[in-house]
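Step one of this worksheet: look at the structure below.
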C-alpha cells in the first residue's frame, strides 16, 4: 500500500481496462518510452554542456554553420536558442529526465491507481513533445541550417508519442466510468480506485522470448504501409529544395508541411489515434493549392507538389489493417 492511495484500488489485482485486450500500463509497454527518454537525455545533456561552456565543441557530421561553428553549434547558440532565459539544452535534458522517472513510477494498473501520474506523463510526452518537434521544424526556416543531435532528440521524442497515447485513453475511460457509478471525480483522480469489469492481462512479459517481449511492448501500435508511405512523402517534401531547387516561400512551406506530415503519420500509428491521419488530408489539399499561392517553385516542382498532394490524400483516407487489440468504448473511434 502507498500512503494516500485508495485502499480498494490498491487491493484490486485487475490491470486491464474493461473491454480492452491488454494493459497499457505494464513495464514492457512503458519500456520504449523509458529507453527513448534516456537517449534524449544523453543528447540534450551534451547540448547543454556546450551551451554552458563545459565542452569546447559538439559532434556534427553533416551540417555546416558559419566560419567557426558547425550546424549544431550554430543552432544551439542562435538567437532562437538564446531567447530562452535558461539553456534550452538543459531544459530538454530535464524534460527527458522527468519522462524517464515518471515512466518507471507506478504498477501495471496505474491507469486507475495513479491517474494524475498518467496525465502528467502524457503532458510531458505529448504536448511538450509536439512543441519541441515544432522548434526543430523551424530551424532551417528561421536559422538556416540543421542540427543533427537536435534531429535525433526530436526523433526520439516523436516515437515516444504513439506509445503513450493508449494509457491516456485508458485513464480517461476510467475517470468517466468511475464518475458514472457515483464516485467523486477528484478523489479518483488523485487517489485512484477499483473499477468493476476490469480484467487481468495474462500476456507474458520479460520472461518470454525476445519476439514475445517485443510484441508485448508494442501492443497498441501498428505500422500500416499507408502511414509509412505518408511519412515517406513528408520526408521527401522536407528535402524538395535539394531535388528541385525551390526557393522560399515555397521551399519553406514544403519543409514545414513535410515535417508536420511525418509527425501526424507517426502519431497515428497508435491505433487509438488512427483518426489523426485525416489531418494529412488537409496538408494534401494545401500541397495541391500551394503552387498557385506561393512563389519559388519551377513548373516541374509545382507539378510534383500537386502529385504529392494527391498521393498523400490517397494514403491518408484508408485506415489500414487493424491489430487484434480492443480498446473498450474507444473502439468506435478507431476508424
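For all residues, glycine too, the Cβ spot is worked out from N, Cα and C.
Of the given residue ranges 202-219, 256-273, TrEMBL assigns the label transmembrane segment to 256-273. Which of 143-165, 166-188 counts as transmembrane segment depends on TrEMBL, and there it is 143-165. For the transmembrane segment (300-317), the partner stretch with the highest count of Cβ pairs under 8 angstroms, out of 83-104, 116-137, 143-165, 222-244, is 222-244. Counting residues per DSSP class in helix, strand and coil order gives 75 helix, 1 strand, 14 coil for the domain 'SPW repeat-containing integral membrane' (228-317).
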